[in-house]
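Here's the structure we're looking at; comments come further down.
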């Protein structure tokens, strides 16, 4: 029985003494305080801003301590580079850093609609027309099905981890346990940056849609500053207000935010059902001919683009810590919502291509123009309101997910610990929410949509790919248990799967003709996956697990690498530049904070050496 299951059966959160009796892990920075009985612990105000609240680690005790820590950077990097966390550390010890626990208030019903509200935004209305007209034609329905399958494979991986390790950190915690601190930090920092940029983009899109309902000018509500650089000269106060309101609601309480989300999402689902029914009633099967006007290549090109309509479910996985019964609610919530969304997207795409010949689909406002074509001019406003609602709930759920992600990163001391604190009354991480809110609002105020869209979405796909790798590592490798020769065979098979996936992607991206290259890479992928299937599994999920391992995660690796290859050079440059900046932060701050947390027995000596160094300087 896992710790989380034990806690759920008792229906009460574990206190510090119970946790320490169940598991032995390195003590947190607040161990001394938590060793006291609760009624003897000094009361701490939530609203506090001292240096100790931000950097309690000995390496940052004073300038001398920090200089001493920097001198040990190579050894500390070597120690932390592949250091892996544990289930118990993420589930028990790191939660202590928040001082107050998040509230168990979500059920499978909440998670289904959080998934729906997070994923179903404006993308289906804006991207479908573009890809139907330019890449896929009526086969756009297959593009949505392929992308939905890829997303569903990633959801399987997230679900197994979330059931086993129901914490707020989502993929950050899962990668930290299986692939180590460094990989988790780089991946998490990139996706957190991308989430903030995505929230800013949603705010700007909301403003554009709202302005389009009033007038034909999407910049109608923006303020132009001629002295500013192009791309940053249209200030958008409406986007800032909408983001601030959405994040403000998220700070007040998780259950209230969830309730608002599912009520509005059900209304939105009703509008979508109406669009589908009207489309089928007024549609013609003759519009579906020819079904593959751009060939199979067009279907896959469109699949790579419409995939972004499915992103957002990873934010829901971050809500696992607030879920009442993770072993039941998370599989129902995540898999249920993604299955429903895939069906809805396919039906909406089919309805559009039946209403209008693909050559006549409007690229910018496909559904509005399609309804005008059958005399339903008022439907333009219905589509606009539905898109506005979708973006609003995406901002709400995104705010919940981003702040929980930030909280767990802070609990691990990779960013200042202050951001890990949970408010005792609301049960929400207000400081973490403020960090993501302020950053998103600044970006949304100054930065245009085309600039924001250029900073999208390498990190999301790379994390989905790494999650599949982490799942395979979890099943086939356990420290001090897996035999060396089995580990070597596993790593070889994994290398073949990843290498063959990259090979097929390069062939596709460079437009190589012929089937030989694809046959070779396909056979290699099959051999790598088959070889892995023959190896003994070191860990079997006790409650819920991904079926057909290693085939499902191996296929997820291949599909995500393929989609990464479709992004273009700019996405790669952005990822590596951002990763380089984050690496500098990790070397100067993150590695020292996490080293102190992992080696509490060395804390006193670090402080003493820092004092001696300071005395010598003075």
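Cβ from N, Cα, C; glycine included.
Straight from TrEMBL, the features:
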- 1-10: compositional bias 'Polar residues' (COMPBIAS)
- 16-32: compositional bias 'Low complexity' (COMPBIAS)
- 544-593: domain 'Cationic amino acid transporter C-terminal' (DOMAIN)
- 1-42: region 'Disordered' (REGION)
- 106-127: transmembrane segment (TRANSMEM)
- 139-162: transmembrane segment (TRANSMEM)
- 182-202: transmembrane segment (TRANSMEM)
- 262-281: transmembrane segment (TRANSMEM)
- 288-310: transmembrane segment (TRANSMEM)
- 330-352: transmembrane segment (TRANSMEM)
- 430-449: transmembrane segment (TRANSMEM)
- 455-478: transmembrane segment (TRANSMEM)
- 490-509: transmembrane segment (TRANSMEM)
- 515-536: transmembrane segment (TRANSMEM)
- 548-567: transmembrane segment (TRANSMEM)
- 573-595: transmembrane segment (TRANSMEM)
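In the predicted structure, the domain 'Cationic amino acid transporter C-terminal' (544-593) carries a mean pLDDT of 88. Sequence-distant contacts of the transmembrane segment (573-595), counting only residues of its own chain at least 6 positions beyond either end whose CB sits under 8 Å from a CB of the stretch, comprise 55, 57, 59-60, 66, 69-70, 73, 76-77, 79-80, 83, 181-182, 185-186, 189-190, 193, 412-415, 454-455, 458-459, 462. Note: the stretches the transmembrane segment (139-162) and the transmembrane segment (490-509) are not in contact (fewer than 3 CB pairs below 8 A, sequence gap of 6 or more). Between the transmembrane segment (548-567) and the transmembrane segment (330-352), fewer than three CB pairs separated by 6 or more residues in sequence fall under 8 Å, so the two stretches do not touch. Within the chain carrying the transmembrane segment (430-449), a Cβ under 8 angstroms from the stretch's Cβ atoms is held by residues 46, 192, 195-197, 199-201, 203-205, 208, 228, 231-232, 234-237, 239-240, 243-244, 247, 250-251, 399, 402-404, 406-407, 410, 418-421, 423, all 6 or more beyond its ends.
Spatially, the transmembrane segment (182-202) is adjacent to the transmembrane segment (455-478); three or more Cβ-Cβ distances between them are under 8 Å for residues at least 6 apart in sequence. Residues 153-154, 157-158, 160-161, 171, 174-175, 177-179, 183, 187, 190-191, 193-194, 197-198, 201, 308, 311, 314, 486-487, 490, 494, 498, 532, 535, 537-540, 546, 549-550, 553-554, 556-557, 560-561, 563-564, 567, 571-572, 574-575 of the same chain lie 6 or more positions beyond the ends of the transmembrane segment (455-478) yet place their CB under 8 Å from a CB of it. Only residues 6 or more beyond the boundaries of the transmembrane segment (106-127), in the same chain, are considered here, and those with a CB under 8 A from a CB of the stretch are 202, 205, 209, 254-255, 258, 261-262, 264-266, 268-269, 272, 305-306, 308-313, 315-316, 319, 322-325, 328-330, 332-334, 336-338, 340-341, 344-345, 348, 364-367, 383, 386-387, 390-391, 393-394, 396-398, 400-401.
Nonlocal intrachain contacts for the transmembrane segment (330-352), taken as residues 6+ away from its ends with a CB within less than 8 angstroms of a stretch CB, comprise 108-116, 119-120, 124, 128-129, 132, 140-141, 143-145, 148-149, 151-152, 155-156, 158-159, 162-163, 166, 269, 272, 275-276, 278-280, 283, 306, 309-310, 313, 316-317, 320, 323, 361, 366-367, 370, 544. Sorting the domain 'Cationic amino acid transporter C-terminal' (544-593) by DSSP state (H, G, I as helix; E, B as strand; all else coil) yields 40 helix, 0 strand, 10 coil.
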